[in-house]
Each structure stands twice: as structure tokens, then as C-alpha cells.
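Colleague: Here's a structure for you.
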Amino acid sequence: MAAGGGSVADPLSPAGVPCAFSPQSQAYFALASTDGHLRVWETANNRLQQEYVPSAHLSGTCTCLAWAPGRLQAKETPQRKKRKSEAIGTSNQTDLLALGTAVGSILLYSTVKGELHSKLISGGHDSKVNCIQWHQDNGYLYSCSDDKHIVEWNTQTCKVKCKWKGDNSSVSSLCISPDGKMLLSAGRTIKLWVLETKEVYRHFTGHATPVSSLLFTTIRPPNESQPFDGITGLYFLSGAVHDRLLNVWQIRSENKEKNAVMSFTVTDEPVYIDLTLSENKEEPVKLAVVCKDGQVHLFEHILNGYCKKPLTSSCTIQIATPGKGKKATAKPIPILAAGFCSDKMSLLLVYGNWFQPTIERVALNSKEAHMCLVRDISNCWAPKVETAITKVRTPVMNAEAKVLVPGIPGHQAAIKPALPQTEEIENKRKLGENEVSIEERLGALDIDTRKEKDDLPQTNSFPVLLAQGLESNDFEMLNKVLQTRNLNLIKRTVLRMPLHAVIPLLQELTKRLQGHPNSAVLMVQWLKCVLTVHASYLSTLPDLVPQLGTLYQLMESRVKTFQKLSHLHGKLILLITQVTASEKTKGTTCPAQKAKLVYEEESSEEESDDEIADKDSDDNWDEEDEEEKESIKDEDVDEENEEEDEDAEEKDEENGEDRDVASEKELNGDSDLDLENESEEE
């Protein structure tokens, strides 16, 4: 029996529209679109069976939905006698469908009657309902909301049976255990509740973002020899918002660790999950995950304990349109939901748009790792807005018609001359007639013949060109994209590029980094953006090390010489700064300055000469002859006698001059007092 999953991963995303297959045979597919309409489709013939529009479909849009189990159909319908035709018609139909709204109310819609069955409002939630789960035995309904509470509803009386606080933040998902005695709730953390006492039995932590989906994967524990209490040893699956990993947990005793035992990796955020329950330890669990990028990943694994590495998908299914013409490229068709059939060997795929989805049954082939289904959905019905704009018919204008416009009486509108018929244009020209050149024709048409530069592609086409160039290995196309120097354009291109092109882009950048240094400068900017933007995706790849081994070796070899180059760079900068400083000092001239005062000591020079002479005489001491000493003494005595005679003569002359001056003063009558006064004045 396939377990349906239809929890909303991200309400803001277009792929997060609530939808679910009916239980047991998957005969119906319910879909609550963004316009507030509920549509129920038959999966066998892809026909719209019912469409319901709630009264508050604009203010209280549907945020989640859940089908009631098949065994509850007889309990919910009123007890009365049925006609034969009614009994035959309702025997194979699923009845109740629970709808959670954005205002906190819950609607129960009956697909048999085609109308609203009841409303669950009083005493319930004050905010948006995030998830709804039916109890498979007693018919109770469990709901969680952004108001942090979990509510247990009695659908027969339409009243609240119990309400308790589930988390410190909003509660985003619920799941009931196979035996119906436990309840899993998830917000920031995952809690296992005992439904009878409303107490927490276990805690599980490991997701960084709010958990969006919870599903039990096994019914029996792997070790069947030990006694089973209904919950210990079971595995369950959880997925979180903006997370590309699906974690698998095992409910163990309290002394065991509470981390995830294994994980499944996908290419994008999961929006719909369906699986087949494993009833014994030898039966593998089959998992179908619909991602936000429109692909389906299939997993098949036996849950038998801890697994360190994330498990990759065994098969990927993608749908695309056939390309019309030689140059046309195939466009992918998003897959909206996928569910296993009762035989577990085929899959129901819902693809296309939400207003008119296409439902197809596909047989699973485990030998192929990638399946691409080519489907043409152009003939499918789509709402045409143009026909609903106006119903006014525009008359067909003829050349003979006369158009009258408002204005001055007597004036008529200018009527364009009738175009010549095609037969006259196609007549053969006469021989010898001069033909008009193309330049003259363009001049007559008044068309600007200047050509614009179309070498560079538009910025919005860079991601498309990059993906096409990587797939076709077109060197010129890749050069147009990778040789840009605009950092903002590089970031936008990396953000919009598809995920499957990240590894080929890194390999192409590795090749170009080994080339010319000028091109390596540009490639480093691309490499930086790719590693920062898609780091979370690259971390989920199990074979990342062998794929990026050459890039790692290249970076390591470049970094080895970086320290030596930095030392050399520092020394060169030091030398250059010293050279420039010396050149500046040479170029500058000192200002001319004259000394106001110069002081020189003559005695110091003579003394220094005498000292030097004494030192030389001491160092070079030689014994002289006595005769030389005596001759030197005689010469010194003669020189002294001559100097004394000269001094005596000079004194006599000075005394004679003084006497003459004194005699002249006496004759003139000058006294000695006057001489003293003059000397004082001088």
C-alpha cells in the first residue's frame, strides 16, 4: 500500500500547491490551486470530476488537504436507507476531504455529495493551518498551525477534543504512527507524542530549517526476535524547507543517540514525497521525491541501520516537449506530483500546469538511471484570456469603404491607396530595363542602414547560453559568456544557471585556469561566485572529491609559491621606496645661507702643532751630538742679543717723539688737564 505525501514545503513557491492522491487505489487526485478552487481529477481517464469554490476562497485560501481513510466512509455518512442506484454509485468512491485554510478554519468536503459536509472552527486555530492528519481507526482529525498548537478534532461533533502547545515556534507537519498510538510533530525540532497522555516520548534534532514533511517508512522493526511495543525500532522520514537532504530516523531507547541514521540527497528542495511501506526487514523502501526543479528522484533501499554517506537516487525521471523544427530546443515540463500504484511497479505522474494537469501512469524500469519522457502538451486545454476581454466584433474594412472622422464639415480622412495585387507584382520585367539597386531601395524606404553591435548577447540570456555552451562544448559561445568583467552580471548568471550545469562549469573553469594568466584572472571571479553561491549543493554530492580533484591540485600548486612570492614582493617594494626617496633628496637644492658670526681659535692650532711636535720628538728620540747642541745654543744667544739691541733703539726713538710732542704742547699753552680730558673723551 502506498503512503501518500502531500505536505507543502514552501507556501510562497509556485511548486508548493497542496495536492494529494486518494488512498488505496489512487483513483482520484485532489488539487487546491492558488485561486482558491478545489478540483478533483480522475486518474484513469484524466477527467475533471468535481470543482468546488469555497465562500471565502480569496481571504482564506487552502493551505493543506488530506483524504479520509477508506474505512471511515460508512461512519461519516448519515444512517439512512439508500436507494439501489445510490448504493451502487457510492460503493467505490472516496468521501471526505479535509481542507485547511489560511485563516485557521478546517473544511470537510464530501466528494459524493459534491458539497461542503461541515466546518471545524470553534476553539481551533487562530492562524494558518499547516498540516492535517486523519486517524485511521477512530476518525479523529489532527491539525497544526502557526499558533504553536496542535488540535485534536472530533469530526462527528465538529468540536475540539484536545488542544495543546506543540512547540515554541510554529508547528509545520504531523504524522501518526502505524499503530495509531503515537504522533510525530515537527517545527524546529521533531517530537514524538503519546496520544493518550499528550506527553513527549522522544526528541529528534538535526534540521536547520523548519521541517515540512514527516512520513513513517516501516511497519515492523528490523529485529523481529525482540518484543515489539509498537514504536521502538521503526524508521521515519523527514524533509525540511530549503534543504536538499531527506533524513531517516530510527526510534530507539533513551540511552541511544537521537541523530539521523541515513539521508537521501536530491537536486532541489522536495515539494511532494510518496513512498511504499516496508512490512519486513527484507523488503526495501521505495521512495519517490518530486523536487522544485520539476524532476522525480526514485530511491530503493533496505533500512538496516546506520549509513554514513548520503544515498543518491537510483533513477531520475524528467519530462520535456519535442522541439519543433531543426533549431528549436526541447523545453522541460515540470512534474507536480508522483504516487506509487498499488502494484508498486508503476508510478502515477502529474505534470503540466495546475489548471489543467496531465496524469499518466509510467512503468518503472530500474535498469535506466535517467528517463526523459517526451510529451506534447500543446493540445491540452488552457484558459484563454483573450476571449474573455471583450465580445465586440471589429468590422472587416474594405478598400471601397469611406471613413468619416469628426472634424470640420466637408473634410474627409485621408484614405490609404489600395495595395497592388500580387499578380501585378509578380509580372516579369521587360528585358533591358534598368534594375534599382538595393541601396536606392533602402533609401526610398527611409530605413536606417546602420548596424548595431550585436557581438555581445543580452544579459538575460547569459544563463541559457552558458548551459547550452556547456552541453554542446561550443568554445565561441562559452567565450562570450565567460569573458565578461561585470561582477554583478557574473553573480546573476551563476544564480540563474541550472544545478546540473554546476559541475561542468567547474570543470571548464579548471581547464581555463591552466591557460594564459590573463584569462585565469577572469576565471577566478567565476570560480569564486560558483563556490559561494552553490556551496550547499556541492556539499551534498557524494563524488565531489574525484570530480574536483584536478581543481584542488591546481589551487594547491599555485598556493605553494605564494609565500615566497609575497616575501619577494615585500623586498621589492622596500627597495623601490628607498630608491624613490633618494631620488627626491637629490633633486632638492639646499637654500643658500651666510654665517653671521665665525669664531676661530689660533692658540688652539698652535698648541695642537706643538703637541704634535712633542709627540713626534718623543716617539722618534735620537741622541744628538754635543757639538750640535752647543752650536744651536750659540746661535740662540746671538739672536737674543740682536733682538735686545733693536728693542733699545725703538725705545729711544719713542722717547724722543714724546719729548717733541710735550714741548709743542707747552708752547701752545695746553695743560695736562686738557690731555687727560681728551683721553677721557676718546
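Cβ atoms are placed via backbone N, Cα and C, with glycine included.
Per TrEMBL, the feature compositional bias 'Acidic residues' maps to 600-657, 669-682. Look at TrEMBL and you will find 658-668 tagged as compositional bias 'Basic and acidic residues'. The feature domain 'Small-subunit processome Utp12' is assigned by TrEMBL to 473-575. Under the heading region 'Disordered', TrEMBL lists 584-682. Residues annotated as repeat 'WD' in TrEMBL: 122-157.
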Colleague: Let me spell it out: take the repeat 'WD' (122-157), skip the flanking residues so only those 6+ beyond its ends count, and list any with a Cβ under 8 Å from a Cβ in it.
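Modeller: The answer is 7-8, 63-69, 71-72, 75-76, 96, 98, 100-106, 108, 163-176, 180, 183, 185, 187, 193, 195.
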Colleague: Let me know the model's mean pLDDT on the domain 'Small-subunit processome Utp12' (473-575).
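Modeller: Overall, the domain 'Small-subunit processome Utp12' (473-575) comes to a mean pLDDT of 85.
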Colleague: Which residue counts does DSSP yield for the repeat 'WD' (122-157) in the helix, strand and coil classes, in that order?
Modeller: 0 helix, 18 strand, 18 coil
